[in-house]
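For reference, the structure discussed in these notes is given below.
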Amino acid sequence: MKTLLLTLVVVTIVCLDLGYTTKCYVTPDATSQTCPDGENICYTKSWCDVFCSSRGKRIDLGCAATCPKVKPGVDIKCCSTDNCNPFTPWKRH
């Protein structure tokens, strides 16, 4: 009986969501923040606007429940480990 009870406790602990939350870099400050519950994906969106030639691509960093949908002209990268979406500034040559 004790073995059965212990097995049930272990299975319950393994199956429960233990409240782990992902940390992602989030714009506008590109600081690491804890994502809201249910948002376990970090993303980086980049695109060109009218100032792209002088300022570089626009960057949006954040958390999401699923990887955002790809739109024409927008590059999206998604990952699922803590702080896996760092902002790398564009360097002019």
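If you go along the chain as it appears here, the first residue is 1 and each next one adds 1.
Every residue, even glycine, has its Cβ placed from backbone N, Cα and C.
The disulfide bond recorded by Swiss-Prot for Cys42 reaches one of Cys24, Cys52, Cys67; that cysteine is Cys24. Disulfide annotation in Swiss-Prot: Cys78 is bonded to Cys67, selected among Cys67, Cys84.
Only one of Cys15, Cys52, Cys63 is recorded by Swiss-Prot as the disulfide partner of Cys35: Cys63.
For Cys63 (disulfide bond) paired with Cys42 (disulfide bond), the C-alpha to C-alpha distance reads 5 Å. Cα proximity to Cys79 (disulfide bond) (within 10 Å) is found for the following disulfide-bonded residues from Cys35, Cys42, Cys48, Cys67: Cys42, Cys67. Note on Cys79 (disulfide bond): other Cβ atoms within 10 Å of its Cβ, all shown chains, come to 15. Reduced to three states, the DSSP call for Cys79 (disulfide bond) is strand.
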